[in-house]
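Below: one structure, written as structure tokens.
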């Protein structure tokens, strides 16, 4: 096989509210922690459960939607690419982080709970949002802060100006 594919699809729940930052270019970047769970019965008939936590980074307009509508516990479907990036911590040590990155044509976010967790809606879509290698974020990770990753940093804050996406999400579905 000569080709390759890097695609990740997750359906899970947010472990905390999205962390949203604004890059130097003015575009938004959202960091999410999504939990997926696997349940099974062991040999003795006991129910078992294993939860995996996934770091997700969303760029552009989809990050703005995540900031506005997602909160801790929200159920989402994420389509993105697996990427590993290198950053330097405060003590000068090189660190590596593997994340699911949502941007461009291959990325998508669908809200399975609907806006505000009300059930039944969807939103997002990745068509061409986010930036490329020249986004203007520095070597400290996505969002430009030193240390990168999704640790620490400022919370989402309120939106000022911009488009009101709630109109788009309330449209009747034609089927």
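Each residue, glycine too, has its Cβ placed from N, Cα and C.
Here's what TrEMBL has on this protein:
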type     : residues : note
DNA_BIND : 53-59    : DNA-binding region
COMPBIAS : 114-161  : compositional bias 'Gly residues'
REGION   : 109-175  : region 'Disordered'
MOTIF    : 170-175  : motif 'Important for interaction with partner proteins'
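With DSSP classes pooled into helix, strand and coil, the tally for the DNA-binding region (53-59) is 0 helix, 7 strand, 0 coil.
In the predicted model, the DNA-binding region (53-59) has a mean pLDDT of 97.
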